[in-house]
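Here the structure is laid out as C-alpha cells; the discussion comes afterwards.
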Amino acid sequence: MKKEKAIVVFSGGQDSTTCLFWAMKQFEEVIAVTFDYNQRHKTEIECAKNITKELGIKHHILDMSLLNQLAPNALTRDEIPVKDGGEGELPSTFVPGRNLLFLSFAGVLANQVGAKHIVTGVCETDFSGYPDCRDVFIKSLNVTLNLSMDYQFVIHTPLMWLNKAETWKLADELGAFDFVREKTLTCYNGIIADGCGECPACKLRKKGLEEYLKVRGGL
Ligand code: ZN
C-alpha cells in the first residue's frame, strides 16, 4: 500500500464503489467525494453516505446544483425520459460537462487536502457513448489539472478498459462482490441492489453480472 492519499469520485453506484475498494487497497488514506446536482433520486446521495459510513471512509458531499440549472437532463428532471441515444446521438442521460466539472472540483479538493491521486470509475468499454468517459479526455484533463495548479495529480481509472462482467470480477477479487451487489445503486429509478431491471443502467449491470456468474459459478 502506498503511503499516499487519494480522492475517489463516488456516487454510490457499482462502478465507483468498486473503485472505492480498489483505492482502499492501494492507498493509505482514501477520501470519497459525492456531487449533489439534484439527481432525480436523493437515494443516490443517501446510498453514498451509508456506504462510506459503513466502510469508515471520510466523505464530502459537494453542492453542484449549478449543473442542473445549466444543463437539465434525464437524470435531474422527472419530465425528461431516460432513453438510449439513436445512431450518432447521445443518450438523454448525458450531462454536458459533468466529468469535466466533477474531476476539476475533485482536483481542487485533492490539492487542498494534499492528495495526489484522484480515482474515477469512468469506463470506455460498455459505456453509453459519453465523451467525458473516454481515456483521451481523462489524460487531457490530467495534464490540464496539473498545469492549472502546478501540482502532480495522477488520475486513476481502474475500470477504463473493463466491461461490466470484468468490473464484477474486480469487485470479487477485492473481496467486495456481495457488498457491491447488495449495497450499491445503479438504477435510474432509484432502486438499490438489483434495481428495477428495466432501465438501461439496470440492464447493463444485470447483463454483466450474469456473464460473470456464468464464469464464477453460483448465484
Ligand atoms: Zn433500473
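Every residue gets a Cβ built from N, Cα and C, even glycine.
Annotated ATP binding site per TrEMBL: Phe10, Ser11, Gly12, Gly13, Gln14, Asp15, Ser16, Thr17, Thr18, Cys19, Leu20, in sequence order. The annotation Zn(2+) binding site is assigned in TrEMBL to Cys187, Cys196, Cys199, Cys202.
Fewest other C-beta atoms within 10 Å: among the binding-site residues Leu20, Cys187, Cys196, Cys199, Cys202, that description fits Cys196. Report note: the Zn(2+) site is defined by Cys187, Cys196, Cys199, Cys202, and the residues of the same chain whose CB lies within 8 Å of the CB centroid of those residues, excluding them, are Thr186, Tyr188, Asn189, Ile191, Gly195, Gly197, Glu198, Pro200, Ala201, Lys203. Gly12 (ATP binding site): 24 other CB atoms within 10 A of its CB, across all protein chains. Proximity to ligand 1 (Cβ under 6 Å from any of its atoms) holds for none of the binding-site residues Phe10, Gly12, Gln14, Thr18. Taking CA atoms as the reference points, Gln14 (ATP binding site) and Cys187 (Zn(2+) binding site) are 10 Å apart. Neighbours of the ATP site: apart from Phe10, Ser11, Gly12, Gly13, Gln14, Asp15, Ser16, Thr17, Thr18, Cys19, Leu20, residues of the same chain with C-beta atoms within 8 angstroms of the site's C-beta centroid are Gly121, Val180, Thr184.
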